[in-house]
Amino acid sequence: MGLGRTNLQPKALTLSFSSQTRICDSQALHQKIHTGEKPYECGACGKSFSRRSNLVKHEMLHIGFRPFECLECGKNFRWRSELVVHQRSHSGERPYECLECGKSFIQSSHLVEHQNIHTGERPYECEECGKRFLRSSDLIKHQPTHTDERPFRCPDCGKGFKRNFNLVTHQRTHTGERPYKCPECGKSFSRKKPCEFSECGKSFVRCSNSIPHGKICLGKKPHKCLECGKSFRLSSNLKTHHRVHTGERPYECLECGKRFRQSQHLSRHEKIHTGERPYECLECGKTFIESCNLTIHQRFHNGERPYECGECGKCFIRSSQLLAHQLTHTGERPYECPKCGKQFRTSSHLLMHEQTHTGERPFHCPDCGKSYKRNSHLVMHRRTHTGEKPYECCECGKRFSYNTALNVHERTCMVTEY
């Protein structure tokens, strides 16, 4: 007897309303990939996202909220998943292995990106210029080169950055933090790969490895000013320099109308009006507008002079002083006044000189209204009103308003002792 054939009819699939809604939502979300729609905008920097959840993640960059702490090293993270991945750096666990070469990775995404090396695939394309990349992170780094947008601002000096990572690294110049040590010489650095060349993107962990490359790379200055012939390594430096010739000062102080060539110069100036000096020296009580100025000031107390001239061995408190000093060996005067052609060793000397042409006196005494070309002159003048005498003779205890007056007195005071 033949087997009876069972009549198999496809069973109708019935979905609940909530399931249908989830599918519709997923379709709508997926379609945004094709349409490019990004309806969720960050109120802090204007960056847009296709998903609300991605916006929430991004906003944590601005507020700095990191609730998940690694018990091994104390580092904090925005998400638990980030903490789990980070903990593998302590345990040594690398669960994702490449079948092609046997190399292992902490994250599955790192394995996927690594496999592109074997296939030669570069799946991430820049819509602006068509350049292709192995990793999505490399594409993200590349994209800001097409815009002038710098949403991440330093609260100390106002300098803007295209990436939050670059801001974090920059802030170490204010705090003095140097968490990375060279295994060869023991010198500490603020960056993991301190010898990084922005001109070509190449970087080195070891100091010695960077020297041969640096001689080639740093010698290149491809961006030339058509006005004066001066060359620059970076196009952004040329753009800023060009304002010396055009007189353009796009950044205006809303308080007094003074204009500046660079945004960080405006941010520094604005603190003059607010009177804000949040950084105090614990040694003498002097306060400063920026933390970097406090760091430099503290060297007067501890005697530290970290910048040494390789030519004559003279040491300096500031790197800018060393650079200016080195020009005395070369005779170079790279800063030229566009009005009269006079040349100067430092940009600060050029700025002071330019005021002789404009007659500008932006620093006003609130007590008597007298104006000065330099803030340091205003500070000294105000002592005539306050009676402040910060300079004390170590021999007799007599105090003076000016350092020069103390120097003159000390010579006579020491002579009297003999």
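Cβ from N, Cα, C; glycine included.
Listed in TrEMBL:
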type	residues	note
DOMAIN	40-67	domain 'C2H2-type'
DOMAIN	68-95	domain 'C2H2-type'
DOMAIN	96-123	domain 'C2H2-type'
DOMAIN	124-151	domain 'C2H2-type'
DOMAIN	152-179	domain 'C2H2-type'
DOMAIN	193-222	domain 'C2H2-type'
DOMAIN	223-250	domain 'C2H2-type'
DOMAIN	251-278	domain 'C2H2-type'
DOMAIN	279-306	domain 'C2H2-type'
DOMAIN	307-334	domain 'C2H2-type'
DOMAIN	363-390	domain 'C2H2-type'
DOMAIN	391-418	domain 'C2H2-type'
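Break the domain 'C2H2-type' (40-67) down by DSSP state and the numbers are 12 helix, 4 strand, 12 coil. This prediction places the mean pLDDT of the domain 'C2H2-type' (68-95) at 86. Per DSSP, the domain 'C2H2-type' (223-250) is made up of 12 helix, 4 strand, 12 coil.
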